[in-house]
Amino acid sequence: MKISWYLAGAIFIGGALGTIVRYLINVQTMFTLYPIGTLIENIAGSFLLGALTRYVLHRKPREVWKAGLGVGFCGSLTTMSTLAADAFMLAGENSITASALYIGMSLSGGLLVALAGFMMADKLGKKKEAVTGD
């Protein structure tokens, strides 16, 4: 697949915006004992990506929008590396249980909210189709 400058620009802009949102969440949750910021970012990003997936499947938006929102925004908002670092930090504080709970909440929560985002977007899409006849 050949990448265009428009596509690269969309990913760049989406990535910049997702990174800013991620930073703002981290600033607000910086002084908590639990790495709640990363959990919020991953859960929110999973929800958005689930909703975007449904939208993409049924509406077929331009590739530039899919790349900018999915790869750019959601990709920079969510983070596997910070999740791993936070889990190791919790385990290093002699809290294997907290580390395991954090990983479990992140993974299961991410999957559940991605499904919820998909289902919500599906419901909204069907309402719009019923109203507009699309």
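Glycine too: its Cβ is placed from the backbone N, Cα and C atoms.
Just so you know, TrEMBL annotations never went through curation; they're auto-generated.
Mapped onto three states, the DSSP output places Gly75 (Na(+) binding site) in helix. Taking a C-beta cut-off of under 8 Å and a sequence gap of six or more, Gly75 (Na(+) binding site) has these contacts in its own chain: Gly14, Gly15, Gly18. Marked as Na(+) binding site by TrEMBL: Gly75, Thr78.
Marked as transmembrane segment by TrEMBL: 5-25 (among others).
Taken from TrEMBL, the feature transmembrane segment applies to 31-57 (among others).
Under 8 Å from some Cβ of the transmembrane segment (69-90) lie the Cβ atoms of residues 10-19, 21-22, 34-35, 38, 41-42, 44-46, 48-49, 52-53, 56, 98-99, 102-103, 106, all in the same chain and six or more residues away from its ends. Annotation comment: TrEMBL describes 69-90 (among others) as transmembrane segment.
Annotated transmembrane segment per TrEMBL: 96-118 (among others), in sequence order.
If you take the C-beta of Thr78 (Na(+) binding site) and look for same-chain residues 6 or more apart in sequence within under 8 angstroms, you find Glu41, Asn42, Gly45, Ser46, Leu49.
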